[in-house]
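**Student:** Below you'll find the structure I mean.
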Amino acid sequence: MDEMKVIEIIKKTLKFSNENIVKGIDDDCAIIKIDENFYLVATTDMMVKKAHIPSILSPYEIGGRILTANVSDIASMGAKPLAFLVSISLSKEEANEKFIKELYSGLDDFSKLYDCPVVGGDTNRGDELILSGTAFGITDNPIYRRGKVGDDICVTNDLGRVYCALTLYYMLKENKISYKEFERLCQKYPKIIEKLRKPIARIKEGLLMNKLINGCCDISDGLGKEITYFKNFEIYSDRIFKLIPEDVIEFCDAFNLNPIKVALNSGEEFELLFTTSKFNKVKDSLKGYSKIYKIGKIIEDGQFIDGEEFYGGGYIHKW
């Protein structure tokens with residue numbers, strides 16, 4: 001069983017709603033109508049140590065990461081962050097003052113970056129570190145995962161660095177390289193390891209694009225998975241190649257990786273994948289903040305890459 005099947009079971013089981021719920025399961029955030037002009041958006045994301053937290057991350061970086069992962073969903077809705085709740089389960093290893101202070105220092109610094117204060121949560125004891133965050137935002141125009149036929153499909157900035165960083169991490173973890181070699185490679189590819197350690201949610205971009213785009217989601221599970229939420233599309237590998245940074249190309253050459261597959265499968269990038277019929281206006285609105293790249297089009301029917309059936313990608317939890 002995979003997470004998509006689990007979600008389908010949950011959706012079929014949960015039947016009750018009310019007139020305040022505009023959108024529940026099936027988008028980056030739930031959308032709740034406050035009044036005629038504003039919507040509350042809410043999202044939750046969880047990090048489990050063994051599944052999500054590389055051992056090379058510091059407690060400070062873990063704190064920043066859980067906040068970024070949640071706030072990135074707020075960004076994809078074109079909303080302004082309001083507040084953040086975080087619940088933690090600590091094992092004996094983490095239940096000490098040093099770890100807790102560092103973790104919450106990361107949360108505090110990133111909350112200032114996103115203007116999203118941490119306002120509460122819960123604490124518990126467990127066998128391993130687990131963090132569960134809930135972020136709230138507000139908007140007058142929530143952006144869904146969708147597109148209109150003919151829309152350009154676009155991505156902010158670049159993709160691939162997180163995949164490369166995790167490749168290095170697993171090489172170290174599986175004893176394929178020494179720690180000394182790992183440190184050398186981190187120094188050789190500083191931007192690659194930095195994207196893993198300190199990812200940034202595109203809050204400003206989401207707000208600036210709000211009235212100019214038709215659909216959006218954040219790239220948390222990889223472009224290859226997120227693109228399928230837009231249902232019918234054609235994307236092009238030569239365009240995807242243009243948003244792959246030089247250090248990722250160099251890394252792929254050094255370690256015999258396909259850069260297109262790396263870009264499609266690189267998760268937790270937290271860039272924005274969006275659809276628009278106003279590419280030039282979006283580009284102008286983001287000057288000084290982010291570059292954007294066209295990678296394809298919304299079409300009438302089907303999912304294709306370079307004219308062939310799309311083979312998918314990205315990360316899906318499996319049991």
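Every residue, even glycine, has its Cβ placed from backbone N, Cα and C.
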**Student:** Going by Swiss-Prot, Asp73, Asp218 bind Mg(2+) 3; tell me which of Asp27, Asp28, Asp115 is listed for that site too.
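**Tutor:** According to Swiss-Prot, the candidate sharing the Mg(2+) 3 site with Asp73, Asp218 is Asp28.
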**Student:** What does DSSP say about Tyr104 (ATP binding site): helix, strand or coil?
**Tutor:** helix
**Student:** Should Glu268 (substrate binding site) be counted as helix, strand, or coil on the basis of DSSP?
**Tutor:** coil
**Student:** Can you count the other CB atoms that lie within 10 A of the CB of Asp221 (Mg(2+) 5 binding site)?
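**Tutor:** I count 20 other Cβ atoms within 10 Å of it.
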**Student:** Report the residues of the chain - excluding Asp28, Asp73, Asp218 - with C-beta within 8 Å of the mean position of the site's C-beta atoms, for the recorded Mg(2+) 3 site, in sequence order.
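**Tutor:** Filtered neighbour residues, in order: Cys29, Thr43, Ser72, Ile74, Ala75, Ser76, Met77, Cys217, Ser220.
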**Student:** May I ask for the distance between His52 (substrate binding site) and Asp45 (Mg(2+) 1 binding site), taken between their Cα atoms and rounded to an integer number of Å?
**Tutor:** 11
**Student:** Would you count the other CB atoms within 10 A of the CB of Thr44 (Mg(2+) 1 binding site), including those on all shown protein chains?
**Tutor:** 15
